[in-house]
Amino acid sequence: MVADGGETYDYDLVVIGGGSGGLATAKKAANYGAKVALFDFVKPSPQNTKWGLGGTCVNVGCVPKKLMHYAGLMGPAMRDAKNYGWQLPEDTPGFNWSTLVEVVQNHVKMLNFRYRVGLKSAQVTYINALARLASPHEIVYERRGVEHKVTAGKVVIAVGGRPAYPAGVPGAKEYAITSDDIFSLDHSPGKTLVVGASYIALECAGFLTELGFDTTVAVRSILLRGFDRQSAEKIGEVMEASGTRFVKGAVPSSIEKQADGKLKVTLVDSTTGAHVMTETFDTVMYGTGRTPDTAALNLEAAGVTVLPNGKIPVNGDESTNVPNIYALGDCAMVDVNFMESHWANPELTPVAIMAGQLLAARLYGKGTDKMDYTLIATAVFTPTEYGAVGLSEEDALKMFGPQDVEVYLQEFSSLELQATKDVSHKDLDEENDMPPMCLSKLVCRKSEGERVVGFHFVGPNAGELTQGFALALKLGAKKADFDKLVGIHPTDAEAFCGLEITRSSGIDFVAAGGCGGGTCG
Ligand code: FAD
Ligand code: NDP
């Protein structure tokens, strides 16, 4: 037993949820000497997919997605390889979905094992059961039909979220898959309809296209809501040129399974409901947002407030309205009052991890730092990636007004791609033509000496590139600091060292010469 505030409990801390945030919190708290138990349990998806310890990121999120993205990039790379002199055995190398799934799942299982070992060596008690609250200090769970109870001084809720199926679409839940299923799908997806147009839908549609599957995206309204519009549209333009078909302003109204197993989908106009098209697909995948997994937690028994969208509102120190209960990661809604924008409370793994580690340090160590939810960088891993930190052009204009915002930008193509493709900038007549694949953009606030308030890069390796520049924004870099930076040549990133064309000048921002992001020649 442990003592906390004059009471005794089984544990100092019980963490509910063994994903990115929960694991980080539990291990850190145990490192500070707290007696910790962690619950993790995966409810099967409607298609009966299950997975192991580690939560969304490792099992059905970031990790398998990034591996499939990497596999996808090899398709165009192989086509380029021929142009660069590689003599490949066949004209169109074949692709085997089962091999990809096996490699991905073996890696995921290895990580599941490592997480178990990590908990054990940190001396965290791991309980593989679905937990719910009975009171602020009591957590109950069932095992083989028997109810058990543990008590804790403090409770951290980090239960994440699950994919949301839109209501009222006959056949959706029965026949369509989600990101919970795609990474372990035991058969080739074939001709696929992806519904949704944000991170998950576009990333999955991107790698499916690159792997050679006939892929269509049903876009309800716009691509990547909340992101910089121009950057989001650039993603769409490049994906379209690479073979992804977009049906804009459309949503499925029904999905029927035919005798041959194929799925007959009717798409209707998302505003008027008018018929748009009916077509058959081998696979329909929903990427239409995620719902916090809080419904089964019995939060009312502990008096924890929950929002209508299922999120648990928390203060800037992850505390809920109940003094000993905290929430973090995808299931929490941080009251940062930052601005109604995508960046206020992002559902990202490093956010959940850092919030958990800082919380553990404050509760059980000597930590005082709170999580800083501003200027968090992110990347969308579409075939041509998109990295961003700070405000979109639209949000900056809304926040500061047009008189206070200047945007510096350039479109260009990577040197390596220019050399093998006819990157004709605007002309897409030829089959092999591609639009410029890169966009570099700095959004600056004039009244603060052109402090860079938004950084956007669309192009290869945007995730890697954006991470470093995010530090510059955190440190308050101004446009002049970017201008003084000497580039690394030849790279795409060097485009940010001395961007000259402003949005207000009206000058064409598509690079006419130079090599990649550079200005030589
Ligand atoms: P989770 O990781 O979801 O963990 C919650 C855990 O709690 C789960 O294991 C769940 O089963 C368990 N649980 C739920 N209820 C209970 C209960 N009552 N009792 C016991 N256990 C319970 N983020 C990035 O930063 N980069 C990316 O590239 C990226 N790609 C993504 C791709 C996809 C397809 C998806 C879906 C997400 C992606 N994310 C990415 C987001 C990232 O995965 C999440 O932000 C992150 O996993 C959230 O961590 P968490 O700890 O809040 O919850
Ligand atoms: P989002 O909530 O970001 O987007 C949902 C998408 O689905 C939007 O395009 C939305 O369109 C559309 N949509 C919603 N409801 C319907 C409907 N009924 N019919 C048709 N379309 C609909 O969800 P995601 O699932 O893409 O991602 C969830 C979170 O996971 C992200 O916010 C991100 O934090 C995290 N993530 C991070 C990744 C990364 O870091 N690379 C990768 C993947 C996920 P509309 O705009 O019209 O509302």
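Glycine residues also receive a Cβ, built from the backbone N, Cα and C atoms like all the rest.
When the candidates C57, C204 are compared with TrEMBL, only one is recorded as disulfide-bonded to C62, and it is C57.
Together with G196, A197, S198, Y199, I200, A201, L202, E203, TrEMBL lists one candidate of G118, G289, G303 for binding NAD(+), that being G289. One residue stands out among the binding-site residues G196, G289 for having the most other Cβ atoms within 10 Å of its Cβ: G196. Looking just at the domain 'FAD/NAD(P)-binding' (11-356), the mean pLDDT is 95. One way to see the shell of the NAD(+) site is to take the Cβ centroid of G196, A197, S198, Y199, I200, A201, L202, E203, G289; the remaining same-chain residues with a Cβ within 8 Å of it are V194, C204, L224, G287, T288. Residues within less than 8 Å, Cβ to Cβ, of D330 (FAD binding site) and separated from it by at least 6 positions along the same chain comprise G19, G21, T56, G160, G161, R290, P292, E347, A352. Here the domain 'Pyridine nucleotide-disulphide oxidoreductase dimerisation' (376-496) is broken down by DSSP into helix, strand and coil counts: 41 helix, 35 strand, 45 coil. A coil conformation is recorded for G196 (NAD(+) binding site) in the three-state DSSP classification, outside any helix or strand.
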